Each structure stands twice: as C-alpha cells, then as structure tokens.
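One structure below.
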Amino acid sequence: MTHALLIGNPNCGKTTLFNALTNANQRVGNWPGVTVEKKTGEFLLGEHLIEITDLPGVYSLVANAEGISQDEQIAAQSVIDLEYDCIINVIDACHLERHLYLTSQLFELGKPVVVALNMMDIAEHRGISIDTEKLESLLGCSVIPIQAHKNIGIPALQQSLLHCSQKIKPLKLSLSVAAQQILNDLENQLISKGYKNSFAYYFSRRLAEGDTLIGEKAFTESLLIKLQETEQNLDVLLADARYQKIHEIVTLVQKKHSDASEHFTAKLDKLVLHRFLALPIFFAMMYLMFLFAINIGGAFQDFFDISTETIFVQGSGWLLQQLHAPNWVIALVANGVGKGINTTITFIPVIAAMFFFLSLLETSGYMARAAFVVDKAMRAMGLPGKSFVPMIVGFGCNVPAIMAARTLDSERDRLLTVMMSPFMSCSARLAIYAVFVAAFFPSGGHNVVFSLYLIGILMAVFTGYILRKTTLKGHASPLILELPAYHRPSLRRLLRETSLRLRFFVYRAGKLIIPICVILGGLNAITWGGGISSGEANTDSLLSIIGQWITPLFAPMGIHQDNWPATVGLLTGMLAKEVVVGTLNSLYAQVGHVGEIAAAHFDFWGGIKAAFGSIPANLSELGSALWNPVSASAADSELSQSVYGIMSRRFDGAVGAYAYLLFVLLYIPCVSTMAVIRQEANKRFMWTSIVWSFVVAYTTSVVFYQGAKFLDHPQQSMIWILAMSLSLLFVLAVFRYSQYGMGRQNAAANT
C-alpha cells in the first residue's frame, strides 16, 4: 500500500482532485486531539492500494503559536508526524510563482514529491503557457499537468504514485556565508539532540523562519534565543532567497501573454467591490438566492409532495384499511412513517435550489468577495470580516459553519464566529419558511423569507457586538484573503456539489424526521390513562396534554391554547429544525381527520397523474411566481390544502405566523449545532448560546406580536413589551458583569 499526503494552497483545487482520485471511497473523522475534520480516501490501481490523506490548505509550513489557525497547525505537524510514502503537491498553474513557495518547503523534508499542476485549461485561457518537462527537470520531481474538475490527467497522476520512491533534493538557495553557517549550526545541534539528518535539515529551516511549534519546546526556545542574538532577519533572508530561486525557475518555464480574464476580473471587481454599490449588490445576490430557491425549487415541490403523499400516506393508509388494521396502526404507519417520508422528500427541491445557488456563488468567485464587502461594516463594530465566510456557509447548515471557524487565526475571532453562526438561517429553516409562506402570505412571500434571513444576520452581528463588549474583548484581526479570479463553473460541477450536499442533508433529515413522526404518532395514539385511542384526533392523548400544558408559555407571542401542535413543533425542533415541518404536518393532519379522508378517497393513478401534471403547470406560471412565490410553493393536493387550512385557522393570522417564524429563526438550531459548539469552544459557551438564543427568540417574538397587536390591547401589549425589554437588559447586564471570564478560558478545555 502507498500512503500519499495531499497538500496545497487554499483555492488550488485540492478538494476537487481528492474527490476525483477517491470518488466515493472516503472517510471523514477528526485529527487526534482537535476537532479539525480529517478526510482520507483510497483507490485501487491494478492490485495496488493507494491511500490519500487530504491536509488542510496552507500557504506555508511555518507554524507560530499565535496568528495561525488550527488548520495550518495540523498541516504543518502532519508532514512531520504521519507515516507516508510520498507527497502530492497541488499547484494552481495560474499562480505558479506564488504556489511554488510551499513546494520549496516540502522539498526540504527529503520525501518523494509529485507536483500536480492543476487548472491547466484556465491557465491557457489566460494566456499562460508552462513547459512542464522543463519544470520537472528544474524541480527534480514528477510534474503532472491536470484538470481535476474535468478528470483530465488523473490516470497519469495515479501512475506516478507507483514510481515516487525517489527522494527530492532541496532547492539550492542563494544565502550569505554567515546565514548558511547559522543554518548549519542549527542543523548540527538538532542532530546532536537525536534528530535524523533529513528532519534536522527541515527543522533548522523552520526554526530560522520563526516556527515555535516543532520539536521539544524548551530545546527549540533556547535555539531561537541564540538565533535572535546572532541574526535577527534570517527569516526574511530565507524568504527572499526562496522567492529569488522560484522567480528564476518560473522565468525559464512560463510564458505569459495578454490575459483577457484578468482584465475581466479587474473590471467586474470595480463594480462588485465598489465603495457604494458593493453592499447593494451583495444584498441583491442574497435576494436572488431566495427568489431562486422559493420559485425555481418550489415549481417542483408539488410533484414530490403529491407523489409521496399518494404512495406513502394515502397508499399505506388505504392498504392497511383493506387489511382491517386498527385505526391507531393506520395513524402510526400512514401519518407516522408515511408522513415522515413525505415531509423529508417534499422540501428536496427548495433545498436543492438553495444549495445550487450557493455552489454557484462559491465556484464563480463571488463568495470570497462577499467577505470583503462586509468587512468594513463588521470591523467598525470590532467584529472580524473573515468570520462572514463561515457565516455564509451557515445558510446551508450551521454545523459546518461553526466548524469552518477553525480557519480563523485569532482565538477571539474564532469564538465570536462560533457564537454568531447559529443565527444564520440554515436550509432546514427554509423548509419551515416555505410552508408558512404558502399558508399565510399569498403575495410577496420571498420578501418575508428575505426579511427573516436579514434579521438572522443582524442578530448574529448584535450577538458578536455584545460579546466583544463583555467576555471577548479585544481587537479584530486584519482580513487577509485571496480573491480568486472569476470562473464560469460547469453545470456538471454545480450539480455534483449540489448532489453531495443534498444527499447529506436528506439522509440527516430523514433519519430524524421519520422516527420523530412515528413517536409523535404513538404519543398521539396513547391516552393519559395508558389506553390506545381508536381515533386520530384525540385531545386526551399524551402528546395533546403535553402540548396544551406548555402552550400558555407561548401565549404572549400569539400561540393560543387550541394551537398546541405549534408548541410541539418547537419542542421537536430543538432536535432538528427539519423535524418541525413533519411535526406540524403530522399533528394538524391528525387533528383535522385528514388521514381518514385521504384513505376513503384513495386514487393511486389519479395522484401520480396530478403529480406529473403539476410540473408543467408550475413552470408555465414561473413568470408570475417571481412576484408571487407562494404559487410555486403551495401544495395543490387535497391533503396539503387541508393542512394549510387548519394552520391558517389555528394561528393568529399573518402576524401570529410571523412571530412564530421569528422564534423558529432565533432559538437554538438543533442539538447537533449545540454539540459542535461544545466541541469547538467549550461547555460554558454552549450553555451561554442556548440561554441567549431562547432569550432573544422569546423577546423578539413577543415584542413583535404585542407591537403589531398594540391597538387591540394597548395596556397588555405595553406591559409585555416593557417586561421583555427589561428581561433583555437584565441578561445583558449579567453578560457585562459576569465573573466567569469565558474569554479567558482555554476554548479547548472541554471539561
């Protein structure tokens, strides 16, 4: 077996190459001692097994104690600690000179290296030609030109891994005699300490460049003190010598003609990064994303809803009825398992459209610019602009958004981002928004969704600001981020990335929704006395009693006693937001006897025909749906219309529905998010996030509802608004004067 490390700069196409090499044979875990994700994969070449470990993207192998992210520490440490046979160094052919800096450091390890020269087609399009044979001769290692996104050059790269036993000699750098002598002395001291010759050579260069995390701390610190006494600028001299050598190589192997794409990127950036137009363009892009998800995705929602409703809910109910099964069994299977499957599959098109648009923004190069656009506004409040990149990831799911915070250099910035990310509207919340928009907002539904996303962003910024003034005081680190050139992503790549994200989401949602729906069906069938109900609408069931007992707590935000299913939806939503829609569908259907009607009038072929007929009907109305997105999102089946009708009667109109959505937006996303906060920060931050999110959600929802209903009962509304305002001020005071000192605690101490 051959074990290869995959390493390269950020945005070099490393992950695309990893996917091309390993396909579905991948494993995801964590690096030892930290929560940074570790990706490994393997593939067979004949009878030879090759294992690939994907290291985090880095610009350099120098690891300092401060000013470096966990990802960079992992990459720098892995090339030393892991057992491997060779290194695959992925280089962006469009930025050869910049990427060869990391290559020059890898050569100093003395390990076999294969250079994968990626994005050759893009380089040619930009007028860049590279003599790969000459580059191979000058570097002394295999150089394989590839196009990872098109699978071009992958077989040649795979073959090169079978013949990568030749060790690489470091590049000869032009250093002064004094500087070279210092490096030799460092190397000899390391050898005398027991280091192997190859590692001693590598460590001496890292120490000279200011690496403080290698070797034994006491020994390396003593060497660094001596180094500073003899030559304080050795790190600068080394970097300069590297760039001189790299420039010589690039001059010999690369020819660059006029670059039309660079001119295009520069011209487009003048507009996208314009001082006054940048923010409006950013909000316009976000707005287009919601329009696309609600309308284009919603056009296919009826097909999934009607077809799965016909097969899994009505079909299973009819079949069990023919078998003379008890009503509680029909309710458990049809409105439990069947409704769970129906709910999971129904919101696939909206979520898929969301993921597709996010992938388009990321691969086109705009997402990196979004961080720069919001950087100035966020830094004015002392918040890191770079944190907005993980927060945008939160539009898909809060869990990877929080995990992406590990790429931030500052511990303070990382913790701020971890605490801010849960307020970003994830795709699971979008499924809830789509249902309520269809039921309560017959026009301008996309504006409602946009407002919720905007409120989530503002609340995240507000949370960061409060933490900056209390437990996480300090200054935001400067934003240093590479702006990639604009790309025209292929449809195949977009569909593949969308498919990977969607598959993970549906699997995660389905394994939660279906069991929850079964449990809810069971609780709704079991009475308080322990008996089994024979009907579907049972006000004496355990579920009904629990919901009715808790519902008065939510009365100030417009949830009345008869709307207890909405309360149960909030409770199950703490497990996962994907479950809320399934909970509401299941409970409202049971309360309204919808399942009985569906079973009595079951028409399989009629349902399938209606499902397929909904696609052209919705697509033909797409133009008007851009102004009225509900027409693309609402379900046309009798069952869906019945559920929407029950919902519209139970909630206090559009005001009550919007107050409910505000609570859904702001309270904890799911237990998975809380667990990740526990891992990425610590237990104290997790509980702080839980308490803060509930306080903010309850206060915002109550203040909105009471403010909207102020004319109906001014005295009552005024009391509630004042009470909520005072409660929020009290919580802020606790944050301000807290003696816990969360920001001083080691975030890795998970005790």
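Cβ from N, Cα, C; glycine included.
Swiss-Prot lists GLY8, ASN9, PRO10, ASN11, CYS12, GLY13, LYS14, THR15 with the feature GTP 1 binding site. The GTP 2 binding site annotation in Swiss-Prot covers GLY33, VAL34, THR35, VAL36, GLU37 and rests on sequence analysis. What Swiss-Prot lists as GTP 3 binding site is ASP54, LEU55, PRO56, GLY57, and the listing cites sequence analysis. The GTP binding site annotation in Swiss-Prot covers ASN118, MET119, MET120, ASP121, GLN147, ALA148, HIS149 and is backed by sequence analysis. Among the features that Swiss-Prot reports, domain 'FeoB-type G' is placed at 1-167, with the record citing sequence analysis. As annotated by Swiss-Prot, transmembrane segment applies to 276-296, 341-361, 385-405, 422-442, 447-467, 512-532, 539-559, 657-677, 685-705, 715-735.
Taken as a whole, the domain 'FeoB-type G' (1-167) shows an average pLDDT of 84 in this prediction. Counted over every protein chain shown, other Cβ atoms within 10 Å are most numerous around CYS12 among the binding-site residues CYS12, MET120. Neighbouring residues of the recorded GTP site, listed in sequence order and excluding ASN118, MET119, MET120, ASP121, GLN147, ALA148, HIS149, comprise GLY13, ALA93, ILE122, ILE146, LYS150, ILE152, GLY153 (Cβ within 8 Å of the Cβ centroid).
A gap of 19 Å separates the Cα atoms of ASP121 (GTP binding site) and GLY8 (GTP 1 binding site).
Its Cβ placed at the centre, MET119 (GTP binding site) has 26 other Cβ atoms within 10 Å. Taking the Cα atom of each, GLY13 (GTP 1 binding site) and HIS149 (GTP binding site) are about 8 angstrom apart. GLY8 (GTP 1 binding site) falls within a strand when secondary structure is assigned with DSSP. Listed by sequence, the residues of this chain that lie at least six past the ends of the transmembrane segment (657-677) yet keep a Cβ under 8 A from its Cβ atoms are 35, 398-399, 402-403, 418-419, 422-423, 425-426, 428-429, 432-433, 436, 439-441, 448, 452, 455-456, 459, 554, 557-559, 566, 570, 573-577, 580, 651, 685-686, 689-690, 693-694, 696-698, 700-702, 704-705, 708. Of the listed binding-site residues, namely ASN11, ASN118, GLN147, the sparsest CB environment within 10 A is found at ASN11. Working note on the binding-site residues GLY8, PRO10, GLY13, PRO56, GLY57: by count of other C-beta atoms within 10 Å of each C-beta, GLY8 ranks first.
A helical conformation is recorded for ASP121 (GTP binding site) in the three-state DSSP classification. The Cβ of ASP121 (GTP binding site) has 15 neighbouring Cβ atoms from other residues within 10 Å, across all protein chains displayed.
Nearest to GLY57 (GTP 3 binding site) in space, judged by Cα atoms and limited to the binding-site residues ASN9, CYS12, MET119, ALA148, HIS149, is ASN9. Shown are the binding-site residues ASN9, THR15; the one with the most C-beta atoms within 10 angstroms of its own C-beta is ASN9. A simple way to gauge crowding: the CB of LEU55 (GTP 3 binding site) has 24 other CB atoms within 10 angstroms, across all the protein chains here. The Cβ of ALA148 (GTP binding site) lies under 8 Å from the Cβ of GLY13, THR16, LEU17, ALA20, ALA116, ASN118, MET119, ILE154, each on the same chain and at least six residues away in sequence.
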